[in-house]
Amino acid sequence: METQELRGALALLLLCFFTSASQDLQVIDLLTVGESRQMVAVAEKIRTALLTAGDIYLLSTFRLPPKQGGVLFGLYSRQDNTRWLEASVVGKINKVLVRYQREDGKVHAVNLQQAGLADGRTHTVLLRLRGPSRPSPALHLYVDCKLGDQHAGLPALAPIPPAEVDGLEIRTGQKAYLRMQGFVESMKIILGGSMARVGALSECPFQGDESIHSAVTNALHSILGEQTKALVTQLTLFNQILVELRDDIRDQVKEMSLIRNTIMECQVCGFHEQRSHCSPNPCFRGVDCMEVYEYPGYRCGPCPPGLQGNGTHCSDINECAHADPCFPGSSCINTMPGFHCEACPRGYKGTQVSGVGIDYARASKQVCNDIDECNDGNNGGCDPNSICTNTVGSFKCGPCRLGFLGNQSQGCLPARTCHSPAHSPCHIHAHCLFERNGAVSCQCNVGWAGNGNVCGTDTDIDGYPDQALPCMDNNKHCKQDNCLLTPNSGQEDADNDGVGDQCDDDADGDGIKNVEDNCRLFPNKDQQNSDTDSFGDACDNCPNVPNNDQKDTDGNGEGDACDNDVDGDGIPNGLDNCPKVPNPLQTDRDEDGVGDACDSCPEMSNPTQTDADSDLVGDVCDTNEDSDGDGHQDTKDNCPQLPNSSQLDSDNDGLGDECDGDDDNDGIPDYVPPGPDNCRLVPNPNQKDSDGNGVGDVCEDDFDNDAVVDPLDVCPESAEVTLTDFRAYQTVVLDPEGDAQIDPNWVVLNQGMEIVQTMNSDPGLAVGYTAFNGVDFEGTFHVNTVTDDDYAGFLFSYQDSGRFYVVMWKQTEQTYWQATPFRAVAQPGLQLKAVTSVSGPGEHLRNALWHTGHTPDQVRLLWTDPRNVGWRDKTSYRWQLLHRPQVGYIRVKLYEGPQLVADSGVIIDTSMRGGRLGVFCFSQENIIWSNLQYRCNDTVPEDFEPFRRQLLQGRV
């Protein structure tokens with residue numbers, strides 16, 4: 001008995017201690033912070049704690065669907081949206097991202113890994129900010145009471161000025177701009193206190209962190225040591241109370257016995273107990289009844305799970321309406337009580353969920369996963385010799401595989417004519433091309449030119465043969481090349497002397513050599529030049545105003561430097577809010593003086609139009625938050641969860657084709673019943689198909705209805721892209737600082753299919769404005785000089801000035817002449833690099849591009865030609881690139897004449913999920929990129945199949 005009394009007193013004493021000790025921490029329920037005055041008070045507490053508290057904790061319980069995420073908690077400035085402190089969950093890559101304002105005014109980001117939170121299950125997360133007021137704070141992440149990740153020695157947090165408090169705003173997962181895409185059950189912020197006390201609040205033993213167990217043990221020993229004397233006194237007093245209590249209980253037992261005897265005597269005399277109000281049970285079936293003195297003499301307990309009411313009357317709760325527990329597309333059936341979900345919709349697999357109550361419905365939502373129909377052993381039901389492409393919740397049957405002809409309706413049959421030398425319609429140095437409608441055409445191989453039926457040697461690989469060919473169709477590519485050794489895919493010949501301008505030392509035939517002629521393409525023997533630029537009056541579009549760039553935006557023959565209306569929209573430059581972009585309506589929604597047509601932030605004022613990362617989104621509205629990695633930030637992406645860099649939206653409904661189930665909005669679904677739509681991009685609700693070939697009449701020969709027939713259309717499934725054209729391009733300078741700054745000078749020829757760079761320049765890019773998903777990109781590369789030995793190449797998947805892939809080639813080994821910030825050594829040989837620069841343009845990226853190898857936070861070398869051979873002067877090379885960003889497939893081939901000299905093989909990398917194309921130079925002049933060709937292509941090549949299996953097995 002004395003041992004039990006001692007244990008009780010000890011427990012009582014410990015409870016008193018912890019109750020008093022918990023008073024030096026503050027617990028704030030963030031989900032209840034609503035009205036402005038209350039938010040200001042809470043913000044002031046947080047600001048003070050950041051300056052004075054030892055630790056600050058964010059404790060939350062929530063549930064996220066797979067691969068989803070969002071902002072968990074954020075403290076922002078309403079005035080300029082300054083991010084003082086923010087914690088968000090990036091479910092797609094299993095991490096928690098913490099960002100805060102540093103003392104130097106920059107935002108610092110901390111990635112906490114091993115945060116598997118987006119799996120449809122409920123998790124408790126504790127984020128500990130240790131020593132926020134110290135010079136080097138630390139962050140600890142606990143997931144379900146286990147230590148997941150930690151970072152110490154972080155940059156100090158910037159103190160929040162007191163004047164900012166009234167303008168602070170607290171956003172949680174339920175109220176943030178990027179909302180948590182799940183359910184937040186609780187969210188508290190704890191100011192001060194130790195991990196032991198916070199662990200008691202969250203009922204966590206904190207596995208994996210022995211320091212916390214030690215803290216609890218030490219605290220207990222400290223309590224016993226300090227309170228020993230008081231404990232003895234309290235136990236003595238407690239024993240006296242127990243003795244008195246025992247005597248009182250004995251007296252009560254005697255009195256109860258007397259009362260019981262009296263009642264028994266009354267029953268003998270004829271007195272009977274009153275009838276129970278709970279018999280029969282007046283409550284709802286299954287609800288407990290309890291006798292009470294108040295009217296009506298009973299009280300009913302709570303309604304059973306799944307029902308609601310006062311206990312007497314209970315009605316069913318519709319879990320389907322209140323919790324939405326079923327997967328989209330799966331019907332929710334409400335029962336009495338409870339609910340159940342029907343089977344996952346077609347194209348998905350998962351469990352059939354059933355249960356009772358809203359809490360259960362919210363915590364046990366149905367999860368359905370996509371089925372890869374194409375790997376069912378039956379090619380998804382498509383023709384065995386056709387291409388099957390898996391999509392989310394469905395699949396689509398594509399064209400016949402290479403070497404087969406036909407379609408899904410008629411079947412894909414072997415194309416014997418293209419694989420039998422005795423019957424092939426193509427030249428021996430040509431290959432077959434298979435069009436969408438099943439037709440076959442021929443194309444000469446690399447190093448050969450002609451119409452495909454007849455091919456001849458093409459030394460400079462510009463698409464024109466060295467000798468004229470006897471073609472029956474009078475194809476222009478059968479005419480003799482007017483520059484045999486220098487690529488000129490446009491065959492320009494200003495003086496019509498049969499020698500192309502690219503290799504004619506007097507291109508205009510005026511008797512003055514090109515190197516001395518101030519009008520190379522216009523005869524002007526007098527060489528008159530009224531202004532101070534390098535162009536004579538005969539060819540100067542501003543003869544009296546110096547303008548070496550000769551830019552003419554509206555193409556009216558009058559250069560921008562002297563044109564009063566540069567864009568030709570009828571509004572003078574001085575009054576035009578977009579002087580270089582036609583916009584006769586002058587719409588300016590944000591009233592910043594820059595019209596919407598040329599405003600990089602049309603809904604946010606940014607009169608300076610600064611765009612530090614050259615992604616065409618102004619710095620003011622550039623969030624750099626891109627969940628799917630396709631180069632478009634989530635706020636502007638028409639499919640924010642699916643990579644679609646092209647942003648194609650055929651029906652202009654604001655939903656990209658990649659995530660739109662009815663691309664043309666004609667009421668016929670693209671792939672699922674009552675579809676598939678036989679003209680997916682062109683409205684045809686009647687689905688008329690006169691020849692029964694599976695392709696509707698309205699898109700028979702022009703699938704995207706862009707007035708360019710499919711065999712000539714470089715993107716047959718996009719009405720926005722028809723021909724290869726780099727006439728409109730963006731210049732990106734990768735080293736914008738320096739005393740000897742020389743920017744590239746780009747000259748575009750052949751209607752945008754040829755680019756020449758004339759200057760020995762700093763690193764720079766010429767980037768087209770068309771963004772691609774999957775793409776085939778090829779061109780001829782030629783250095784038309786013998787005076788230099790530096791870099792040239794091309795780029796793809798350009799997203800901004802710090803994120804793109806580049807294929808680059810150096811002629812000889814060389815150490816870069818500026819050793820700051822690090823020594824960079826270039827090796828000869830073709831290189832494929834993934835640029836993911838943290839700093840962006842500047843000396844770090846400049847040296848990283850020059851260097852052959854990996855450079856932290858700048859460039860990763862994905863592949864280099866093992867031959868380690870540089871390019872040769874005045875020699876033409878042809879590259880072929882295949883990029884399928886949806887699976888990370890990259891392959892680069894390089895030809896010298898008809899000979900394949902380099903092949904990267906299959907490279908798997910998903911750093912950039914699509915983007916724009918362009919060309920690259922670094923300290924190399926007189927580069928020609930000729931006969932440029934790109935083509936949209938999302939079909940995954942067959943050599944990816946081994947990697948697909950490895951990806952599914954987690955080995956790549």
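In case you wondered, yes, glycine gets a Cβ from its N, Cα and C as well.
Take the candidates Cys478, Cys483; Swiss-Prot pairs Cys471 in a disulfide bond with Cys478.
Candidates considered were Cys426, Cys444, Cys455; the recorded disulfide partner of Cys442 in Swiss-Prot is Cys426. Bond annotation: of Cys388, Cys397, Cys412, only Cys412 is listed by Swiss-Prot as forming a disulfide with Cys400. Among the disulfide-bonded residues Cys539, Cys562, Cys715, not one has a Cα within 10 Å of the Cα of Cys471 (disulfide bond).
Note on Cys562 (disulfide bond): other Cβ atoms within 10 Å of its Cβ, all shown chains, come to 16. For Cys278 (disulfide bond), the nearest neighbour among the listed disulfide-bonded residues (Cys519, Cys542, Cys715), judged by C-alpha distance, is Cys715. Cys519 (disulfide bond) and Cys601 (disulfide bond) are 41 Å apart (CA-CA, integer value). Mean predicted confidence for the repeat 'TSP type-3 4' (551-586): the pLDDT average there is 96.
Between the CA atoms of Cys483 (disulfide bond) and Cys455 (disulfide bond) there is a gap of 18 Å, rounded to the nearest whole number.
Here Cys344 (disulfide bond) is positioned 34 angstrom away from Cys936 (disulfide bond), judged by their C-alpha atoms. Straight-line distance linking the Cα atoms of Cys539 (disulfide bond) and Cys562 (disulfide bond), rounded to a whole number, equals 14 Å.
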